[in-house]
Amino acid sequence: MTDPALLPSLTSRQNAQLEAFAALLTKWNSRINLISPRDLPQLWTRHIGDSLRLAHLIPAGERVVDLGSGGGFPGIMTAVMTGGDVTLVEADQRKAAFLREAARVCELPHVQVVNERIEKAAHGIVAPAPVVTARALAPLPRLLELAAPLLAPGGRCLFIKGRRAPDELAEARKIWAMDANLLQPLLPAATTAERARDDSASDGYIVEISAPHPL
């Protein structure tokens, strides 16, 4: 593991699960684009690390729906940390296959992968959950449109957003009523080039939103 001090405390089992996940992602990444090959050196500190910071905010055993799960961030990390039921919604068939294999390899029997568009999954396929998560999926106003139908009453959204999160939140407030907080600034991007390439993980935030409803 790279720089474990940056990550929440892990049990030996959790560490083994994440090591297995990292090895699997590295193997599959040569065949399908799970993360940019240029980002592989930051797999632990950025992709896994940011996801663990989000997962650390979710109570053990809490049911979670993760939207646009892609390479497993933050959904797989959430399942490892909380041990609860986690539903991963991913429209891309190849990425959904990767997520199923990741759940198997990491021994996460409570992970369900739904290979559907989010809009369709929200209509009777996936039940609303107390927590809805996403990373690098859409601007916040659109993200709330996708997440709100899958959020149980009294639940909250936890989104990993980039350095423009404060501006996106201001835009979302024009059309959504909500309780919102910007939490835990994430690791800064190493270079200006990285910031330009990947806003989702550069100088970013975890955005916590409760009780969203359209104005």
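Placed from the backbone N, Cα and C atoms, the Cβ positions cover glycine too.
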Same-site residue for S-adenosyl-L-methionine (record: TrEMBL; known: GLY68, PHE73, ILE118, GLU119; options: ARG53, ARG100, ARG135):
ARG135
For PHE73 (S-adenosyl-L-methionine binding site), what is the tally of other C-beta atoms lying within 10 angstroms of its C-beta?
29
Among all protein chains shown, how many Cβ atoms are found within 10 Å of the Cβ of GLY68 (S-adenosyl-L-methionine binding site), not counting that one?
22
Rounded to whole angstrom, what's the largest C-alpha distance between any two of GLY68, PHE73, ILE118, GLU119, ARG135, listed as binding S-adenosyl-L-methionine?
20
